[in-house]
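Asks: Handing you a structure now.
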Number of protein chains: 2
Amino acid sequence: MIKIINTTNGTEEVQKEIEALLNRSQLEFGEVNRSVEDIITKVRDEKDKAIIEFTEKFDGVKLDSIEVTEQEIEDAYNSCDPELIAALEEAAENVREYHQKQLSNSWIQNDKKGIMLGQIYNPVEKVGIYVPGGTAPYPSTVLMNAVPAKVAGVSEIIMVTPPSKDGSVNKNILAAAKIAGVDRIFKAGGAQGIAALAFGTESVPKVYKIVGPGNIYVAIAKRIVYGYVDIDMIAGPSEILVLADETANPEYVAADMLSQAEHDTLASSILVTTSEELAYKVKEELAVQTASLSRKDIIEKSLADFGAIIIAKDMDEAISYTNEIAPEHLELIVKSPFEMISSIKNAGAIFLGAYSPEPLGDYFAGPNHTLPTSSTAKFYSPLGVDDFVKKSSLIFYDRERLEEKKDQIIKIAEAEGLTAHANSIKVRFK
Amino acid sequence: MIKIINTTNGTEEVQKEIEALLNRSQLEFGEVNRSVEDIITKVRDEKDKAIIEFTEKFDGVKLDSIEVTEQEIEDAYNSCDPELIAALEEAAENVREYHQKQLSNSWIQNDKKGIMLGQIYNPVEKVGIYVPGGTAPYPSTVLMNAVPAKVAGVSEIIMVTPPSKDGSVNKNILAAAKIAGVDRIFKAGGAQGIAALAFGTESVPKVYKIVGPGNIYVAIAKRIVYGYVDIDMIAGPSEILVLADETANPEYVAADMLSQAEHDTLASSILVTTSEELAYKVKEELAVQTASLSRKDIIEKSLADFGAIIIAKDMDEAISYTNEIAPEHLELIVKSPFEMISSIKNAGAIFLGAYSPEPLGDYFAGPNHTLPTSSTAKFYSPLGVDDFVKKSSLIFYDRERLEEKKDQIIKIAEAEGLTAHANSIKVRFK
C-alpha cells in the first residue's frame with residue numbers, strides 16, 4: 001500500500017523519503033561487471049563467432065546468419081495488425097515533426113572585420129540502436145530512437161535486438177524499424193549486442209554512438225564501451241511525479257501513477273499535492289483501479305516500495321520537492337499549469353493539465369520518451385536531434401587581425417610555459 | 001625524426017599509420033582503476049578528512065582548510081603580471097562573446113489547435129571544474145571551462161585543483177578563476193578532487209556535472225563517477241592535423257605542428273599534403289625549429305612516435321584521410337580554405353588559412369579549446385554552452401485533441417502489453 005507523508009508533521013520524513021527515492025537505482029558492480037567485460041572482450045576478439053555462441057547460450061537459438069533479411073522485415077510488416085501500423089505511422093510522423101523543430105543551423109559570426117568565427121554542424125555518421133526483446137517488446141522504443149537519428153541526418157542506423165527462441169525478431173519491432181527508416185537489423189542482444197556495435201564484427205558495422213534502453217547487462221556494457229563510442233545515458237527504472245492541487249480529478253491522477261508503476265517493481269510513482277483531500281482520494285482510487293489491471297502484482301510492489309503521496313503545506317514547497325526529485329515524467333494537474341513552467345527547474349518531460357497524461361508522451365505526441373531517470377534530469381536532457389549531431393568550431397583571422405593580437409597570445413602561451421605555441425605566432429611576423 | 005608516407009606507393013601504409021594513430025590512447029585499466037576506486041570510496045565515506053589525507057600523501061602538504069579564501073584570490077590576482085591579466089581579460093571577453101552566440105531559446109510549437117509542444121531550457125545548477133596543477137598550470141583552461149558555464153547561467157561554479165607543496169594554488173590559475181567568475185575554489189587534486197565534486201564533502205558542494213582535463217587518475221575517476229554526475233568527455237593527448245597544398249608556407253606549417261608536439265610525448269602532429277615539395281620542406285623546417293625550442297625532448301619523441309607527413313595523390317584523398325583521422329585541431333592552409341568547409345565531416349576545431357594558427361584558438365579567439373581527441377570528433381563536440389544547459393520537453397493536449405487520438409494511443413499501449421498505460425487514457429473518456 002502506498003504511504004502518505006504529511007509535511008505538516010515536519011519535513012524530516014519527506015527528506016528521508018526523497019533520499020530513498022534518489023538512492024533507488026545505484027548500479028551494483030562486481031560480479032556482473034566482470035562477466036560483462038568477458039562478453040565484450042570475446043566479441044571484440046572473435047566477432048560474429050562470439051555473437052552466435054552467446055546467442056545460443058543466452059537466447060537459446062543457434063543462428064546461421066545474424067542479419068535480419070529484407071524478406072523477414074517485409075513479412076513482419078505485412079502480418080501486423082493494420083490499425084497498429086497506422087497508429088505507429090501517425091506516431092512516427094509526430095515524432096519526426098517535433099524533432100525537426102530541434103534542428104539547428106551552422107552559424108558564422110562576422111561582426112568584426114577580418115575575423116570569422118562559427119560552428120559547423122554535422123550528423124554523427126553511424127549510430128547503433130539497442131532494442132530489448134523479451135516478453136513485451138516495445139515498437140515505440142524503435143521510433144523514439146531511430147526517428148531523431150534520421151532527422152539529424154545520420155547516414156547509417158544499425159539496430160540490434162535479441163531473437164526469440166525460434167530465431168525470429170518480434171514482428172511489431174521489425175515493422176516499427178521499417179517505419180522509422182532503420183538501415184540494417186541484427187539479431188544480437190545483451191552485452192554481445194552492445195559489443196558488436198562498439199567494435200564491429202564481420203557482419204555488424206562499427207558505429208560511433210549507441211542509444212536505447214536495456215537490462216542491467218546492457219546498461220553495464222554501455223558504461224564499459226563509453227569513451228570508445230558515445231552512449232545516450234544509463235537509464236534507470238521509470239518514474240512519474242504528479243503535482244496536483246485541489247482541482248485535480250483523483251481518478252486521473254491515480255490512473256497516471258499506475259501507468260508508471262506497471263513498468264517495473266522498481267518504478268516510482270509519486271503524488272505531491274497541496275490538497276489533503278485529494279491525497280486520500282487518490283490513495284483509494286489507486287486500490288480500486290489496481291484491482292482490474294493485468295500487471296497488478298508489479299504495481300502493488302512498486303507502489304509499496306517506491307510510491308509516495310506527499311502532502312505539501314503550499315505550492316512553493318510542493319515545487320521545491322519536485323525540483324529536488326527531478327522526475328523523469330512530471331504531470332502538472334493544477335488550475336494553471338502553464339504559469340508553473342518557469343518554476344520547474346529539473347524534469348525530463350512536463351505534461352500540462354488534465355488531458356496530457358504520460359502515455360500520450362510515451363507513444364504519440366512527438367517529444368521523445370527516452371528521458372533522464374533517477375534525478376539525472378538535473379544534468380541530462382531528453383534524447384533528441386542534438387544527440388546525433390556534432391559540432392566543429394571555425395576560426396579565421398586575417399594577417400592584420402592576428403598581428404594586432406599577437407602580443408596577447410604570446411603572453412599567455414609563455415605564462416603557460418609553452419614556447420612552441422608562442423613560436424607558432426612569432427614565426428609569422430619575423 | 002618524423003616519417004614521410006607517400007601514398008603514391010600504395011595506400012596500405014597510410015591505413016596502417018592511421019590505425020596506429022587511432023589506437024594511440026586507449027586507456028589501460030586494471031591496477032590504476034582499482035586504486036582510483038579506493039580513493040573515490042574513501043572520499044565518499046570520510047569526506048574532508050580523506051581529502052586532507054590524500055593531499056598530504058600525493059601533494060606533500062598537510063592542509064588545515066581546503067577552501068581557497070577570498071584573500072588568497074585577491075593577493076594572487078594583484079601579484080600577477082598586469083600584461084598577463086589584460087591578455088586573459090581580453091581572451092575571457094572573446095570566449096564570453098563567442099559562447100553567448102551558442103545560447104538557444106526555449107521554444108513552443110503551437111501550429112495545431114489545442115496542442116502545444118516544446119522544449120524548455122534550464123542551466124545545470126551546479127558545475128565542478130577540474131584544473132590540473134603541476135609544473136605548467138594553465139590559466140586558459142580555467143577560462144575555457146568556467147566562462148561557458150557562466151554564460152549558460154550556472155548558479156554555482158566550483159573549482160578544484162591540487163595545491164603546491166607550500167599549500168598555495170598557482171597565482172595565474174586563481175587570477176583566471178576570478179576573471180572567469182568561478183564561485184568557490186578548493187585545494188583537492190587527482191581522483192580525490194573528482195570524488196569531492198561528485199559526492200560532496202563537509203566543505204565541497206556536490207555538483208551535477210564535472211568538466212576539465214587531467215592526468216590518467218583524473219580521467220579514470222571521471223569515468224567511474226559518470227552516471228552519478230555528468231562529465232564532459234575523457235580527453236586524450238592533443239593532436240593537430242595540417243591539411244596543406246603547394247601554397248602553404250613550410251615554416252608556418254612546421255611551427256604549428258610543433259605547437260602540438262610540445263604538449264606531450266603522446267601528442268600527435270600530422271601533415272597531410274598534396275605537395276611532395278612541401279612535405280620535404282616541412283620535414284627540414286621541423287628539424288630547424290625544434291633545435292631552438294625549450295621542450296625539444298618532448299617534441300622529438302612525439303614527432304618520432306606519433307608524427308607523420310602523408311603525401312596524398314589529390315585533395316579528395318587528403319580530405320578522406322582527414323575525416324578518417326577526425327583530428328582535434330585541423331588547420332586548412334590551402335588556397336581556398338572556406339570552400340573546403342563542407343567537405344570536412346569530423347574535426348574538433350577548424351582553423352582557416354595561414355594566419356589562424358592553432359594557438360590563436362587555444363588562448364584567444366573565443367571558441368573553446370576543450371575539444372574531442374583520439375578520433376572522438378566522430379561523435380563529440382567542442383565544450384560549449386550546451387554542455388551546461390539541459391532541456392525539458394513540454395506536452396499539452398486539450399480534451400478534444402486527446403479524445404480524437406485516444407484509439408491510436410490505446411492501440412500502441414495494448415500492443416506493448418501495458419494495460420495501465422491504456423487505462424490512463426480510457427479513464428478520461430468513460
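Glycine is no exception: its Cβ is also placed from the backbone N, Cα and C atoms.
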Asks: For the Zn(2+) site that TrEMBL describes with B:GLN260, B:HIS263, B:HIS421, which of these is also annotated: B:ASP314, B:ASP316, B:ASP362?
Replies: B:ASP362
Asks: Between B:ASN215, B:GLN260, which of the binding-site residues has the fewest other CB atoms within 10 angstroms in the structure shown?
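Replies: Selected from the binding-site residues B:ASN215, B:GLN260 on minimum Cβ neighbours within 10 Å: B:ASN215.
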Asks: Three-state secondary structure of B:HIS329 (active site, proton acceptor) from DSSP?
Replies: strand
Asks: Hey, which of our binding-site residues B:TYR130, B:ASP362, B:GLU416 end up with a Cβ under 8 Å from chain A?
Replies: B:ASP362, B:GLU416
Asks: Between all pairs in B:SER238, B:GLN260, B:HIS263, B:HIS329, B:ASP362, B:GLU416, B:HIS421 (listed as substrate binders), what's the biggest Cα distance, rounded to the nearest Å?
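Replies: Largest Cα to Cα distance for the substrate-binding set is 56 Å.
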Asks: Have a look around B:GLU416 (substrate binding site) and count the other CB atoms within 10 A of its CB, chains all included.
Replies: 19
Asks: Can you tell me how far the Cα of B:TYR130 (NAD(+) binding site) sits from the Cα of B:ASP362 (substrate binding site), in Å?
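Replies: Here the two Cα atoms lie 18 Å apart.
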Asks: Roughly how many Å separate the Cα of B:HIS329 (active site, proton acceptor) from that of B:SER238 (substrate binding site), to the nearest whole number?
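Replies: Given the Cα positions, B:HIS329 (active site, proton acceptor) is 8 Å from B:SER238 (substrate binding site).
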Asks: Return the residues near B:SER238 (substrate binding site) by Cβ distance under 8 Å, restricted to its own chain and a separation of at least 6 in sequence.
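Replies: B:SER238 (substrate binding site) has long-range Cβ partners B:GLN260, B:HIS263, B:ASP264, B:ALA267, B:SER268, B:GLU328, B:HIS329, B:THR373.
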